[in-house]
Amino acid sequence: MSEATQVRAIIHGRVQGVGFRAWTASTAREAGLDGWVRNRRDGTVEAVFRGPEERVRAMLDLCREGPPAARVDRIETGPAEPGEAVTTGFEQRPTV
């Protein structure tokens, strides 16, 4: 098993009001990832994924497609903030 990694993703496009958060949470849980997803007031969706590197990469690839009604224009990725709280499991968080 590979070492766990934690990645923050900011997803741009038509990603709010199309079920993107629920789809992300469900898909991440199926992949066995920890983390969270939330809408941002700027119209993007933000997520943090934690788990084996290959599963996190696969999740990011899935996010490039998203649910059927979404249109993903681009995804910015980077390291999650040091010490950021990621619980066991995957949750939807309130908009920020």
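Cβ atoms are placed via backbone N, Cα and C, with glycine included.
Listed in TrEMBL:
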- 6-94: domain 'Acylphosphatase-like' (DOMAIN)
- ARG21: active site (ACT_SITE)
- ASN39: active site (ACT_SITE)
- 73-96: region 'Disordered' (REGION)
Reported as an integer number of Å, what is the Cα distance between ASN39 (active site) and ARG21 (active site)?
7
Taking the Cβ of ASN39 (active site) as the centre, count every other Cβ atom within 10 Å, in any protein chain shown.
19
Using DSSP, how many residues of the region 'Disordered' (73-96) fall into helix, strand and coil, respectively?
0 helix, 10 strand, 14 coil
Model confidence over the domain 'Acylphosphatase-like' (6-94), averaged pLDDT:
95
